[in-house]
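Swiss-Prot has this to say about the protein:
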BINDING   13, 14, 15, 16, 17, 18, 125, 180, 370  FAD binding site
BINDING   273-287  NAD(+) binding site
C-alpha cells in the first residue's frame with residue numbers, strides 16, 4: 001500500500017549524514033520524510049565519542065555556517081573541548097570535542113523532532129521505486145510505499161554489513177543493529193559501480209576497572225572553545241579529562257603471535273580499511289620499529305562507565321583483545337564491556353555522482369556519507385547537508401549547487417570524490433586543500449553563510465548575528481586604520497614597550513598589528529587603541545585579516561587564475577573520441593569520468609596539461625567553448 005501523503009524528499013538512514021540531509025531539506029521548505037530502522041539511534045555515534053579534529057573541525061564549522069546541526073549538537077554534548085595546532089598558523093588550527101554519546105543523541109533528536117516540514121518514521125527500507133531511470137519513492141520492510149520527488153541514501157555501514165571478531169563473522173549494520181541486505185541487493189541491480197570497504201572500532205572498557213592514578217591526564221582548553229558560530233561555552237556540560245596510556249612490547253608480542261587469527265591477515269576480510277585510522281594490528285606490523293603507541297582513554301559520557309580506548313581498533317578474537325587491553329599500564333585488571341570488531345559494507349563509486357551528489361544514472365537519487373567511500377562523522381554530515389539541500393532543490397525544480405574547492409573543505413571533499421573516486425575510506429585533512437589559508441575554521445561563516453541564506457538554509461537569527469559580526473569587523477578595521485601613533489607622542493613610550501624595535505615613524509593601529517610581536521589583545525589595551533571589540537569571533541577576524549593580508553591577497557590571485565579553468569564547462573554528452581589529438585588513455589578516462597569543467601578534467605589522474613590544451617583548442621574550433629557566469 002502507498003502512504004496517503006506524497007513527500008518532496010525522502011532520507012533513508014538517520015546517522016550523521018541522514019540527520020543533516022533531513023534538516024537541510026526541511027529548512028528549505030520541502031516536505032521531508034526521514035526513514036530510520038530505529039528512532040532511538042538517530043545521531044548515534046557508532047565509533048569514537050568525539051567531533052572535530054584536523055580538517056574535520058573545518059567541515060563542522062562549514063556545516064554550521066550553512067545552518068546545519070552538528071556544531072550546535074556538540075556544543076550541548078561536549079565534555080572536553082580543545083584547539084589542536086593552537087601554536088601553528090590559523091589555517092591548520094582545528095577544534096575537537098569529546099562527546100557524551102547520550103547528550104549528543106538527545107540534542108540531535110530534539111532538533112529533528114522540532115523541525116517544521118520534517119516527519120520521522122521508523123521502518124527499514126528494502127526497495128526503491130524507480131521509473132524511467134528516475135527514483136520516485138521507497139518501500140519499507142512491511143511493504144509500505146512512500147512517494148517522493150527525490151531520495152537521499154545515507155545508509156552508513158548497513159548495506160550488506162558483515163561484522164568480524166576473529167575468524168567468526170555475522171551479518172550486522174553495526175553492533176546491535178541488523179544489516180540492510182534487501183536494499184543492498186536492490187541497489188546492485190542499478191547501473192552503479194559497487195565495491196566493499198571495511199572499518200573497525202576498539203573494545204569498550206569499564207572505567208571502574210582502570211587504575212587512572214598511574215596515568216597521565218589530558219584536560220581541555222580554558223577558556224573553552226565553542227563549535228557553533230551561534231554557540232556559547234555556557235551551553236557546554238560538565239568538563240572531564242581524558243587519560244593516556246601506551247602499548248608496549250608485551251602488547252605487540254600478543255598481536256604478532258595471533259595474526260593468524262586476524263580476519264584481515266587471514267584473508268577473510270576483502271574490504272580495504274581506513275589508512276589514517278588503522279587497526280592496532282596494522283600499526284604494529286606497519287611500524288615495526290616502534291616499541292609503543294599512544295592510546296587515549298576517552299570517557300563515553302557523564303553518566304556512563306564506558307571508556308573508549310582510542311588507538312586500539314581491532315578485529316582480533318575476544319580472548320586476544322583481553323590480553324591486549326590488560327598488557328597496558330593502568331589496565332592490568334580492566335574488563336571489556338563491548339568487544340572491538342571490524343565491519344565490511346558496500347560502497348558505491350562516487351565518480352558516478354554529480355558534484356551535487358545526485359546519481360548520474362538515476363535522476364533524483366542522491367548519495368551521502370559512508371556509502372560514498374568516506375569515513376568519519378564530520379565528512380558524513382557535510383555530504384548529508386549538501387545532498388539534502390540539492391534533493392530539496394531538485395524537488396523544487398531548481399538548479400543544484402556545490403561549493404568550489406576554493407570556497408570550502410566541503411568543495412574539496414566532493415570534488416576529490418567525484419573526480420578521483422576512492423579505493424579506501426576517505427578522510428579529510430587540511431593538506432588536501434590547495435587554498436587552505438582561505439579555508440580556515442574561523443572564517444567558515446564569512447565564506448558560506450551568505451550563500452546559505454540565498455539557498456534558504458540560514459534562519460533570521462543566524463543571518464542577523466552574521467551581519468552584526470561583519471559590521472563589527474569593518475568598523476574595527478576602519479578604526480585601527482585611522483588611529484595613529486607618532487614616535488614623539490607621549491603614548492609612543494607605552495606602545496614601544498610592546499615592540500622589539502621602537503617606532504621610527506608614525507604608525508596606524510593596523511601597522512602595529514601587522515608586527516609579529518603584537519597581538520590584538522595587547523593592542524587594544526594600549527591607550528590610543530582602547531577599547532577593543534567584545535565579540536571574540538570578530539576580534540579574531542580582525543587580527544587574522546590584518547596579519548595575513550599579503551598572503552591572503554596572493555592566494556586570492558591564484559584562485560582567480562584557476563577559476564578560468566573551473567568556469568570553462570564541458571558538455572555532459574561530449575564523446576571524447578571526437579577530439580582529435582587525444583591519446584586513447586585520455587579519451588577513455590574522460591569518457592569514464594565525464595568531468596563537468598576543464599578544472600575538474602585537469603585533476604583526473606593521467607590527464608596531462610597537453611591534453612587539456614588540445615581539448616581547449618578543439619572546443620574553441622567547434623564553437624563549444626562555454627564559461628559559467
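Using N, Cα and C of the backbone, Cβ positions are placed for all residues, glycine too.
Keep in mind the model is a prediction, meaning the values are calculated, not measured.
Here the features listed in Swiss-Prot are placed on the structure.
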residue: 13; record: FAD binding site; Cβ neighbours (10 Å): 33
residue: 15; record: FAD binding site; Cβ neighbours (10 Å): 29
residue: 17; record: FAD binding site; Cβ neighbours (10 Å): 34
residue: 125; record: FAD binding site; Cβ neighbours (10 Å): 25
residue: 277; record: NAD(+) binding site; Cβ neighbours (10 Å): 19
residue: 279; record: NAD(+) binding site; Cβ neighbours (10 Å): 26
residue: 281; record: NAD(+) binding site; Cβ neighbours (10 Å): 25
residue: 283; record: NAD(+) binding site; Cβ neighbours (10 Å): 18
residue: 287; record: NAD(+) binding site; Cβ neighbours (10 Å): 12
residue: 370; record: FAD binding site; Cβ neighbours (10 Å): 30
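Across the residues annotated as binding FAD (13, 14, 15, 16, 17, 18, 125, 180, 370), the widest Cα-Cα separation comes to 18 Å.
Here the C-alpha separation of residue 279 (NAD(+) binding site) and residue 17 (FAD binding site) works out to 24 Å. Less than 8 angstroms from the CB of residue 275 (NAD(+) binding site) sit 424, 425, 427, each of them six or more residues away in the same chain.
Of 273, 277, 281, 283, all annotated as binding-site residues, the residue with the shortest Cα distance to residue 370 (FAD binding site) is 273.
Within 10 Å of the C-beta of residue 273 (NAD(+) binding site) there are 21 other C-beta atoms, taking all protein chains into account.
Less than 8 angstroms from the CB of residue 285 (NAD(+) binding site) sit 256, 259, each of them six or more residues away in the same chain. According to its DSSP assignment, residue 287 (NAD(+) binding site) is coil. Per Cα geometry, 277 is the residue among the binding-site residues 277, 281, 283, 287 nearest to residue 15 (FAD binding site). For residue 287 (NAD(+) binding site), the nearest of the binding-site residues 13, 17, 125 in terms of C-alpha separation is 17. Taking Cα separation as the measure, residue 273 (NAD(+) binding site) is nearest to 17 of the binding-site residues 13, 17, 125.
Nearest in space to residue 277 (NAD(+) binding site), taking C-alpha to C-alpha distance over the binding-site residues 13, 17, 125, is 17.
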